[in-house]
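Dropping a structure here in structure tokens format, bear with me for questions.
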Amino acid sequence: MNVLVVNAGSSSLKYQLVNVEQQKLLAKGICERVGSSGAFHKHGLDENEHVLDAEMKDHDAAMALVIDALLDGPTKAIDSLDEIDAIGHRVVQGGKYFDKSALIDDDVIAKIDELAELAPLHNKAALMGIHACQKLMPNVPMVAVFDTSFFQTLPPKAYMYPLPYEMYEKHSIRKYGAHGTSHRYVAERAAVVLNEPLDELKLITCHLGNGCSASAIDHGVAVDTSMGLTPLDGLMMGTRCGAIDPAIVPFIMEHEGLSTSEVNELMNKKSGLLGISGISNDLRSVKDASEQGHERAQLAYDMYSNSVKKYIGQYIAVMGGVDAIVMTAGVGENCEKMRRMIFSGLQPLGIVLDEEKNRQRGFEREISTDDSKVKIIIIPTNEEYMIARDTYEIVYAKSQLIEAGSETA
Ligand code: ADP
């Protein structure tokens, strides 16, 4: 089964075409600056990537270009649209409605729309992707895979905020988490690498990319996570501040004369590594500057590692121990220096990084010493594969029911 995985952002549209049974990537690409001037479309596997300048006034136009590139020219991956068996859409906010991925129908679309109140940019963008695919491929089944679903198992003591209870009742204000598809994937893979059943493990998973989050997964069940009502909470990130004293928000608004959207922008786009270093949101640049003696870059680097370390400590306490800590995404997978700083001083907790293994490159691997009580593992994340697999499972199960005559198409 070929699944087109679609990740629509407010001005971008990322996609991959995956053959699920063969676990084979057939094509991938991204349309950027959708709806503004200077839009472009990158398509093709890495060694065969083409960058195509193209006007895209909206997501419908972007999706039409994606289909052209899949069907024709040097980037061709399939002969006809019939070779796309299903489409999997990444949706950020599934709220209380979705504790797993769902076959898209009118009701699911209405709920994604309703939940846009909690994630305005993201859910509206996903809907644009869904509508564009519906127009161009009306008969292809589609599945929504939610970033939040994996965290629907959190107990109330973890997902509630200590605000007046009516805030929860009236506005659904609670922790939903994000990056759930990544945490679910790396937890599953970690169990394979450790050769132990997932439901017998206590794991802490750290997704450290531009956005950063950590999760506590107790016997296969997510029990806590660092992102909150929105992906702004928790760890310090590339441009997001993560958890700060909430009283700072009205203080800044008052003293800097900022509106709610301006203070939101300050915390989401101008903070984190970028805000502290004044150099970049990219950890590589911050690291280079810190090594050349840039004090604020060094401070940003120190704060980032400290932020991860503190969440590891919290989650050990939450679960009463941990068997393995999993590192993933751009920083977690690639930055040996950051990993060294995160794990330094944790030896009394039975967490011992192997300096040599930490330096080596590779795919999925353990980087703790042989006698470390707690294992440290690197698992490259693959959210697209997870979306493709969920889509496959749901669409396949539905087709079996239709074949058995217990459901209509
Ligand atoms: P996104 O959340 O955009 O998917 P990624 O998972 O690609 O982000 O992670 C991007 C981050 O990973 C950037 O801060 C980048 O500097 C960092 N990164 C990637 N490779 C390295 C590396 N070799 N050393 C240090 N940081 C790296």
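Using the three backbone atoms N, Cα and C, a Cβ is placed for every residue, glycine included.
Not measured: the values here are computed from a predicted model.
Feature list, courtesy of TrEMBL:
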type	residues	note
BINDING	N7, E383	Mg(2+) binding site
BINDING	K14, H207, L208, G209, N210, G211, D282, L283, R284, G330, V331, G332, E333, N334	ATP binding site
BINDING	R90	substrate binding site
ACT_SITE	D147	active site, proton donor/acceptor
SITE	H179	site 'Transition state stabilizer'
SITE	R240	site 'Transition state stabilizer'
Out of the recorded positions N7, R90, D147, H179, R240, give me the one sitting nearest to K14 (ATP binding site) by CA distance.
N7
Below 8 Å Cβ to Cβ and six or more residues apart, same chain only. Which residues does that give for the residue listed as 'substrate binding site'?
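Counting only residues 6 or more apart in sequence, the Cβ neighbours of the residue listed as 'substrate binding site' under 8 Å are V5, V6, N7, A8, A126, V145, D147, T181, E383, I387.
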Please check the recorded positions N7, D147, D282, R284, E383 against ligand 1 and give me the ones with CB under 6 A, sequence order.
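Near ligand 1, sequence order: D282, R284.
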Let me know the DSSP-derived helix, strand or coil state of the residue listed as 'active site, proton donor/acceptor', please.
coil
Are there any residues in the same chain, six or more apart in sequence, whose C-beta is under 8 angstroms from the C-beta of E333 (ATP binding site), and if so which?
M327, I378, P380, T381
To the nearest whole angstrom, state the Cα distance for the pair L208 (ATP binding site) and H179 (site 'Transition state stabilizer').
10
Tell me which residues of the chain lie with their Cβ under 8 angstroms from that of V331 (ATP binding site), as long as they are six or more apart in sequence?
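Within the chain, V331 (ATP binding site) has Cβ neighbours under 8 Å at L208, G209, C212, L283, M338.
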With ATP as the bound species and K14, H207, L208, G209, N210, G211, D282, L283, R284, G330, V331, G332, E333, N334 as its recorded binding residues, calculate the greatest Cα-Cα distance and give it in Å as a whole number.
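About 24 Å separates the two most distant Cα atoms.
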Could you state the whole-number distance in Å separating the C-alpha atoms of R284 (ATP binding site) and R240 (site 'Transition state stabilizer')?
17
